Amino acid sequence: MTNNIFKYFNIKELEKFGKFYKVKKEYEIPKKLESKLILVTSINPTPEGEGKTTTLIGINDCLNYFGKESIACLRQPSMGPYFGIKGGATGSGKCEIQNPEKVNCGFTNDFYAIEAANNLIMSVIENEIYFNTDLEIDPQKIIWKRCIDINDRSLRDINYQVSKNTKINSSFSITAASNLMALFCLAKSKSDFKKRIENTLVAFSKSNKAIYVKDLNIIDSIMLILDDALKPNLVFSQDNNPIIMHGGPFANIAHGCNSVIALSCGLNKAEYVLTEAGFGSELGAEKFINILCRETNLVPNLVVLTITLKAIKYHGVNNSNNTSPLTDEKEKIDIGFNNVIHHFNLLKNLNLNVCIVINKFSDDNKNELDYLFNKSSELTKTVISTMWQDGASKNKSLFETIIESVQEPKPINWTYDLKDNAVNKINDLSTKVYNGATITYSDLATAKLKDNENWIQDYYVCGAKTPYSPSIKNEYMDTNKHDIHVEDIEINHAVKFIIPIFSKTFLMPGLPKVPNAKKIKINFDKFKYE
């Protein structure tokens, strides 16, 4: 079967890149939008898996199979979690992207380019210090950080020598959480990216003068490094439908959405455009709405909340309110379903149109699945997807549910007023989304907000917290009100993010005791997973 790429793209718009394509032509988001935008999100993830990417690829295949023009947009996987604990991010079963081993491990080198450009900025800043140039950069007032696309906890806190008499305390972020990745994904075009990176605050001088990237005189070098990376990539599903894959910020420590450049391309090409926001709706979807939609004036016509029977039972069993182990399967579903209700209400409070897709596992118990379907149908329109096992031809009900659920978007009820002060915005996010009761701040967080108050008046809030619970605590599986403590504050001036860091959340992940890197086996004759 040949791929459907030329159904949507002219050959002159594309350039071959190994087994993939890059889109050379730049697109703007249409002023009169005719495409329908569908956002795919989920409940809080569990070790059982939710299949959000699988569901997105499945819906895209379904829409194409039954005669609609549809393109999906996805984030590029990071090698950090791929070699860490999470593994790849290319779907599975009959909803897996072609060439997953290539996509998961380096792909078209976009992450390397972002990493190199990001680190060039830091290297030049320190070079200015080494040669004591006229910029007179204060070594203790550098805002920018290095990044690398590998989980490495030893890089969370480092001390190193810049010159004979100057040492610096700093840290690395993982590339997916870097300042440059966020800008890469929110920029509307190459020219927009160039303008915004030039005017990004990176340090202060010894006389407290602001130092911007343009002061370093390296903007042409940055754009040279990122020339190919800023072109979105095309990959294909098993049904040979095109998927635009571009950018890859994490949702728990960044904003968790693929690039605006990719969305712009899709919205110019197809009747339906699907996109995914990372982790549960309290992270990726919230940031998609409060950050990306504000940046682009887009509003999704439909939000798909992905759930699974296994995940809901996991949330039920691990609910912190349980006084004794649960043995009744329906009771596990009843208690775990509170997580679904929480995410559904969060999305409805934003004034979004929501349907639920139950991603069916092949070994799910039919009676339990029917029980879950009935509970979910009391909330909103619900459908069971068997895309993983059966593919598009046997999922007409999924196609029909998606088509019937798409509506004209309504005005968004924003979580916070962008013009409000930083503390009020963080408090609104904490109470309305994370179920916070009392919000407190460490002395460090308070001091950073005070020091930056003149710079962050119209900044977005991009929370950094655990993805495994609606709250800020890993072990907290229920949805009760709880106290929230802001440990630290990071500022990303490239995209105007205030990043409140809750509990023990790190911008550089670590590896587990037995990382996934030890488990990967490759047949080198065919370069395929064993």
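Cβ atoms are placed via backbone N, Cα and C, with glycine included.
These come from Swiss-Prot:
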BINDING   Thr46, Pro47, Glu48, Gly49, Glu50, Gly51, Lys52, Thr53  ATP binding site
If you count Cβ atoms within 10 Å of each one, which of the binding-site residues Glu48, Glu50 comes out on top?
Glu50
Please give me the CB contact count at 10 A for Lys52 (ATP binding site), counting all chains in the structure.
28
For the binding-site residues listed here, Pro47, Gly51, which shows the highest count of neighbouring CB atoms within 10 A?
Gly51
Minimal Cβ count within 10 Å, across the binding-site residues Thr46, Thr53, points to Thr46
Over all shown protein chains, what is the count of other CB atoms within 10 A of the CB belonging to Gly49 (ATP binding site)?
17
